[in-house]
Amino acid sequence: MTIKVGINGFGRIGRIVFRAAQKRSDIEIVAINDLLDAEYMAYMLKYDSTHGRFDGTVEVKDGHLIVNGKKIRVTAERDPANLKWDEVGVDVVAEATGIFLTDETARKHITAGAKKVVLTGPSKDNTPMFVKGANFDKYEGQDIVSNASCTTNCLAPLAKVINDNFGIIEGLMTTVHATTATQKTVDGPSHKDWRGGRGASQNIIPSSTGAAKAVGKVLPELNGKLTGMAFRVPTPNVSVVDLTVRLEKAATYEQIKAAVKAAAEGEMKGVLGYTEDDVVSTDFNGEVCTSVFDAKAGIALNDNFVKLVSWYDNETGYSNKVLDLIAHISK
């Protein structure tokens, strides 16, 4: 069965979700809603400064996109309730505007005829969050779910492996995070986050993130045990998590590496990766795993206190897991 998907919001994540869907036989994008006009939408899809040219044909006909010969309905509705998803048979909406992140607001997609909705960001209410490699097995048929954040998608699988094998007493996370669309090219007004208004290409910017606390929502056994912060850095894509934890069960760094490697080659294949190469951030541009453990970068102070490092393409990895969640809730 092919799952018919509508995308609301054609920004960074909306477009990368679209690109990733072209490589899957189980998912078909049938509609896109954004306030951009179709010609500009086609241009934004064709050319990407980070991920290169679109691998396929993109045309515009009668105000709609024709991608690889298939028509995709284009609309420009501000209110999701008016989207008439049922007219094009949409099963699941990828809600990628960053605006409709509660059950109440996202439910407008259901009103408009969609069966289910996946939020491509952490929910702002109690809408359940699901992370592949952490808690997909806890899905119970809810019609609106969240794919959490890109950083939670990196942290949760690694934290689960460490906690399952050695037990986490407590931990702190830092994500060294690539620039995102909310930042400023030069210093500009940012009333809620003064540091966040400083020029993105000129600064390392400390920032808050709910990613570590959100792990406690997808892995309740870690609730209250993790928190963290972010440094925004002047790179266009690919971020890295630094997780420093105290372990219940003593373990050498070699034992930790072995446990992560076993998970990466076993039950978490395709989610958690493992490398012993001398890698840097650009080596992960286009990486579909949401967390790639860097065995050489981590360090242990002793057998109970360790720093672990894991890379993620905050656009590609996350967008691929949005599609995995869409497929999972459509079974």
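Quick reminder: no glycine exception, Cβ is built from N, Cα and C everywhere.
Feature annotations, courtesy of Swiss-Prot:
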- Arg12, Ile13, Asp34, Arg78, Thr120, Asn314: NAD(+) binding site (BINDING)
- Ser149, Cys150, Thr151, Thr180, Thr209, Gly210, Arg232: D-glyceraldehyde 3-phosphate binding site (BINDING)
- Cys150: active site, nucleophile (ACT_SITE)
- His177: site 'Activates thiol group during catalysis' (SITE)
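Within 10 Å of Ser149 (D-glyceraldehyde 3-phosphate binding site), as judged by C-alpha distances, no recorded positions are found among Asp34, Arg78, His177. Annotation for Arg12 (NAD(+) binding site): spatial neighbours Thr180, Ala181, Glu315, criterion Cβ-Cβ under 8 Å with sequence separation of six or more. The binding-site residues close to His177 (site 'Activates thiol group during catalysis'), defined as a CA atom within 10 A of its CA, are Thr151, Arg232, Asn314 out of Arg78, Thr120, Thr151, Gly210, Arg232, Asn314. In sequence order, Thr175, His177, Ala211, Ala230, Ser239, Asn314 are the same-chain residues whose CB sits within 8 A of the CB centroid of Ser149, Cys150, Thr151, Thr180, Thr209, Gly210, Arg232, the residues recorded for D-glyceraldehyde 3-phosphate being left out. Under a cutoff of 8 A between CB atoms, and with a sequence separation of 6+ in the same chain, the neighbours of Arg232 (D-glyceraldehyde 3-phosphate binding site) are His177, Ala178, Thr179, Thr180, Gln183, Gly196, Ala200, Asn203, Ile204, Ile205, Pro206, Ser207. Largest Cα-to-Cα span within the NAD(+)-binding set Arg12, Ile13, Asp34, Arg78, Thr120, Asn314: 27 Å. Of all the binding-site residues listed (Ile13, Cys150), Cys150 sits in the most crowded Cβ setting, with the most other Cβ atoms within 10 Å.
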